[in-house]
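Have a look at the structure below before the remarks.
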């Protein structure tokens, strides 16, 4: 049952992210140019696909052949891939939140206007910072050779796991959680500032005695719903990511680790579906694709009915 759930979640997530990537890549080829938002969506889709693949492989190995992770080199390689793909996915999603905030919000403050005019530079700075945090994290791991003991621990020698090793493990997990604080803070700030922009715009509408919602108000609310959904999913993802690492280090071989790995698929899967439903181009393309698939299935069923009606007569 666990393998079926992991495979179903992995397949759904891969299809959603592949769809986002293919639609935006086709627009890139057709128009011979790429917009900034399309570039972010393609990068996010690629990073999410990689992250889902790493989680899926880890979950299957832990379920079917956990003995593979008795090797330090294998577990270290898995950890590096896990951290890199998840961090890239997190930062590209955060950059998408920054893009929506700077594109939709409206403030007259010079700092905001400076950031709005240099949106690509702002996003590039955040991506460079994410690369710096990744490098710092891996340098920290290499600085403490005692972390090798953490990766090699099994249930049989759990009592021999020294207090020094536990302290080092807690420190590494604490630093790992710090890498998520900046994107979390940026996402919360984007949501709050977008809300303040909506409040300011609503007050301006009240001053001119307009009670109906205009297009800008609708765009503000739509973006806020997207950012709020991302923030909720992201917070849950951080919690389960930390929980999975704690269980993997301090309770190796525990079956609950597999269940936690299953929850890590929810974030890249759900957020991709939200992006498809909230983007008019992606939503319309998805509807047309589903309608085409439905018509193809109907034709297939009709063909089977014709064959089933003719086949017995042919036999006789």
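From the backbone N, Cα and C atoms, a Cβ is placed for every residue, glycine too.
Copied from TrEMBL, the annotated features are:
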DOMAIN    16-236  domain 'G-protein coupled receptors family 1 profile'
TRANSMEM  6-25  transmembrane segment
TRANSMEM  37-60  transmembrane segment
TRANSMEM  80-101  transmembrane segment
TRANSMEM  121-140  transmembrane segment
TRANSMEM  173-199  transmembrane segment
TRANSMEM  226-248  transmembrane segment
TRANSMEM  260-278  transmembrane segment
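Touching of the transmembrane segment (260-278) and the transmembrane segment (173-199) is ruled out by the presence of fewer than three CB pairs under 8 A, sequence neighbours closer than 6 excluded. Below 8 angstroms of C-beta separation, residues 36-37, 40-41, 43-44, 47-48, 50-51, 53-55, 58, 119, 122-123, 126-127, 130, 133-134, 137-138, 176, 179-180, 183, 186-187, 190-191, 193-194, 223, 226-227, 230, 234, 241, 268, 271 of the same chain, each at least six residues beyond the ends of the transmembrane segment (80-101), sit close to that stretch.
Below 8 angstroms of C-beta separation, residues 83, 87, 90-91, 93-94, 97-98, 100-101, 104-107, 126, 129-130, 133-134, 137, 140, 217, 220-221, 223-224, 227-228, 230-231, 234-235, 238, 241-242, 245-246, 249 of the same chain, each at least six residues beyond the ends of the transmembrane segment (173-199), sit close to that stretch. For the transmembrane segment (226-248), the residues of the chain that approach it from at least six positions outside its boundaries are 86, 90, 93, 97, 100-101, 173, 176-177, 180, 183-184, 187-188, 190-191, 194, 254, 256-257, 260-261, 263-264, 266-267, 270-271, 274-275, 278, judged by C-beta separation under 8 angstroms.
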